[in-house]
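Below is one structure; the comments refer to it alone.
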Amino acid sequence: MKMREVKIMNKGLEDEMEVWGYRPCLWKTFLVGVGVVCSGGLLLLLLYWLPEWSVKGTCTHTSLRDARTLLLRTTVLIHYFTHHSTKYYWDDETQVFETYKRLFFGENEIAVRVPSLFKLLIKEVLNPFYIFQLFSVILWSAEDYYYYATAIVFMSVISIATSLYTIKKQYVMLHDMVAAHSVVRVSVCKGNTDIAEAMSTELVPGDVIIIPANGMIMPCDAALIHGTCIVNESMLTGESVPVTKTSLPSSGEDAAESYNMEEHKRHTLFCGTHIIQTRFYTGELVKAVVVRTGFSTEKGQLVRSILYPKPTDFKLYRDAYLFLLCLVGVAGIGFIYTIILTKTIIIESLDIITITVPPALPAAMTAGIVYAQRRLKRVGIFCISPQRINMCGQLNLVCFDKTGTLTEDGLDLWGIQRAEDGSFSPPESEAAKESRVDSAFVAGMATCHSLTKIEGELSGDPLDLKMFSATGWILEEPTEEETALHNPIMPTVVRPPNYVVPEANQNNPLPFEIGIVRQFPFSSVLQRMSVVVRRLGEKHMNAYLKGAPEIVASLCKQHTVPQSFTETLETYTRQGFRVIALAHRQLESKLSWHKVQSLSRDLIETNMEFLGLIIMQNKIKQETAGVLRELRQANIRTLMVTGDNMLTAISVARDCGMVRAHERVIIADAVPPKDFQSASITWHYTENPAQTTKDNQINLEEGVSDKRQTLQEQSYHFAMSGKAFAVITDHFPHLIQKLVLRATVFARMAPDQKTQLVEILQSIDYTVGMCGDGANDCGALKRAHSGISLSELEASVASPFTSSTSNISCVPNLIREGRAALITSFCVFKFMALYSIIQYLSVTLLYSVNTMPFLFLILTLCSTRYHFMSLNPAWKELVSRRPPSSLISGPLLCSVLTQILTCLFFQVLAFLLVRQQRWYEIWTPQSDSGLSHSQNVTSTHDHKNIKNYENTTLFYISSFQYLAVAIVFSKGKPFRQPSYKNWPFMLSCIGLYTFLLLIMLHPVPAIDRFLEIVCVPHDWRVTLVVIVIVNAAVSFMLEEANERWGSSFLSWLFCRRNKPPRVRYLNVALELQDDSDWPPGPSTVTYPKYPGYGCCHLVGDVI
């Protein structure tokens, strides 16, 4: 048999797809057509819902080259196909489909088409649920139950209208967001000198566009090739601080590299970002070459992620469908029962199936999410992916960025420590002393930054702002007219106020000014930035370098780096200071301005002279410690993932309570293989300042006496740098799960490593949240189950959630609302299931249906219950246990089954008791007139006589059962506020209880006639009240017992106490408890694991 050809597209990417080729088959198509006719169109509906069946049922397999239909999950035509707004074309050379960039570009437009209401209506109406409702309406109408059919139509129309309004509104909002500034006029270079005006929709990759001096909204992704731009990227990243973009390197090793979007982000202008202003030179224009257009741009991909979100594989929704199948199965049993035992005709027995599936189920399942989203918006948390709110209720681990998230965004200059003649001078608190104005150290602080003036105000990175303001210098930027009149060697100038340098043989002294000739912006990958400057009156230029101390020291001449560099740096970082190093180099006099513009940064950033350290104080935000304490008490792990120094990060972790005083930190220092030496990990135990000898003795005794302690009781944390993380993932993959299980601090992490860490945590079954400022965290924010961006913007496409508050207090708020929404979904689903089952039991007992009571129950009890049940706000505290994530869990099924049995028992009890009463007779219209039984027995009987004592009795019992289970299932503490604080729910319950008791104890003939119920003796009404009270009490006690002891009882019953946990991270934890070699001892060196050998641990002093 020939193998079926399958190709993989976008391999390794988020939208990786498998594609099969098919061609039409005439005989299959004919058979399907016959089936459609015979089934009255039902087969066509089935194939519409299951497109894979449609393709396989009408086509045969073929090669992709010869295919006319492709199977991706949807069916499309050959030549090219569009999937998620991206075009793919067949390539004969590679024999695979490629993105449209290879052969055709199309219009540069991010077109969000707003579907017409008619299209949306057809798509919504063809939903399987509404087709089932249509079937129900037809069935009820055929049996003359017009009131009930009308009620179903009414509720379905409201549900469809609400859904259409919501979907249409979302499309319009996204369309308006994308359409703003999406089509603009641009200047395109044609050759070397010609410039033509064109619409942005006409741009294709390779076009060279001119960036105007007053800025613009970028219509595409473009690489900057001439000039400098100041860009606001808040739409993409959520980071409100403007960034500086410089041109691509034009010579050297950097220029020889192929352009890569990730590696050259600092040279790329992204679609949708706002260019505030440009830096230009005489006769030269700021130019950029188009690299991506349309949906391939960064903005286009984000819009695609909103239009076609990655399916949230949440167990709740899978279980909901399974639960529905169970209801259908129960309905099938009732269907067979009514046919076999009661000899009812099939069309009447179908009533059972239509009753079992509640018409309000779709709206009910989303009610909790809708109300939670509204409450989140009131506290400043905006959401672009509402389905993730439920997932927030399951979070058990949250990763935090450090700077701007756990600590203040702004830094305060604590002091400086200069290096002279290979040694450190004493630390100084001020840099702006007049005696040091002309020193290289102060000049480096004043020039090595990316600040710019926007509308007369300095703008840029907060660290650069603090550093520059500490010098007291002034930054001046020339206007366009000034650069046209003078030689623009120094487009940006910094100078100290009122300071001049006397020059020999001149009557007029020269002003002390330094011009910034070229800037190499800060790179999070390189962890440094540099500038080339020229001082007025000097013939040579100088280079200044600023960055992470370890990186800067490695680029300096070794004799200029103080011998106490490592000890001094550790002293500051252990205290939580953020330390920046400065270096300087005098460039050759022969270097001209034009030559400097073409030099690569590697040629500049070498053989530097170490100048000293800038010590910045990064204060922890006031809310940080309290929030982390609250999360720890809720049994939610917290991690720090930062680009800062390792020891600084550990210090901040201790200060904010992420690592407690008695807990030890073990640094995993990994080095890659080099010079025939294999990769290795050295385990360094950091000093624990708060731990006394007594504490050590206690911990040692506990470790010996109780080796199988829980994770929370273990007193160590791992910490690792981005470099070590990369080595461990590459060379020690078997250790990475063990490490992340207890790792708390990740320092010097690159943006892609943050994303990789989130994926590793998810691979061991953690439900991961990520909280960051949105700048370098975009990938991790989108990859996490719940990404929270701290931004002043109302909504950022960088993450599913955006908080307008600038601290992490939004995290517990989001988790609380997520838990409340999740519990609400469970409560509502349980109520809707019981609502259906109670109806099912009543109808099965009666064999007929009284439409008016059902109409009353649907419109007054069911439709209002689930809305009011969803209004309970979140509980004010986070508790240590999480809500269940599955509808098919033991306690939840036990709760539903016990309530079903309770309702069944009391319905059967009332049904049998009413028939045992002395006054009972088969009811006829004359019964209410006081006629004797003998007169009634001769009357003709309608086999569908719905006005009878049994029907009336079960109406009263089931009505109170609906209210009882609604109250029982409307849980409050510990995840939601108590129901008595939900005043709409309480008022509706009191009102309905009052009304039902009134019509039961004091019947009103008009109401009885409307509901089609009959008059029963007063004694029986009192008996019904007793039954109702006992029923409610039993339901409440069973639910309370299930809440307290259900889980333990089921574990004992099914012997699950000693079974291994289902989640992977707990299995890893259990394995480590039995591993006597874990964690490795101090100064131990671990080498890679080779086939046939375990890890090699060497113990000893490591230098």
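Cβ atoms here come from the backbone N, Cα and C positions, even for glycine.
Here is what TrEMBL says about this protein:
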DOMAIN    14-76  domain 'P5B-type ATPase N-terminal'
DOMAIN    192-306  domain 'P-type ATPase A'
TRANSMEM  30-50  transmembrane segment
TRANSMEM  145-167  transmembrane segment
TRANSMEM  320-340  transmembrane segment
TRANSMEM  352-372  transmembrane segment
TRANSMEM  844-866  transmembrane segment
TRANSMEM  887-914  transmembrane segment
TRANSMEM  982-1000  transmembrane segment
TRANSMEM  1020-1038  transmembrane segment
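In this chain, the transmembrane segment (145-167) does not touch the transmembrane segment (1020-1038); fewer than three CB pairs sit within less than 8 A of each other, excluding pairs fewer than 6 residues apart. Note on the transmembrane segment (982-1000): residues 860-861, 864-865, 868-869, 871-873, 956, 959-960, 963, 966-967, 970, 1007-1008, 1011, 1021, 1024-1025 of its chain, located 6 or more positions outside it, place their CB under 8 angstroms from a CB of the stretch. Under 8 Å from some Cβ of the transmembrane segment (887-914) lie the Cβ atoms of residues 315-316, 319-320, 322-323, 826, 829-830, 833-834, 837-838, 841-842, 845, 920, 949-950, 953-954, 957-958, 961, 965, 968, 1016, 1020, 1023-1024, 1027, 1030-1031, 1034-1035, 1038-1039, 1042-1043, 1046-1047, 1050, 1054, all in the same chain and six or more residues away from its ends. The domain 'P5B-type ATPase N-terminal' (14-76) scores a mean pLDDT of 77 in the predicted structure. Helix, strand and coil content of the domain 'P5B-type ATPase N-terminal' (14-76), in residues and according to DSSP, is 29 helix, 17 strand, 17 coil. According to DSSP, the secondary structure content of the domain 'P-type ATPase A' (192-306) in residues is 27 helix, 40 strand, 48 coil.
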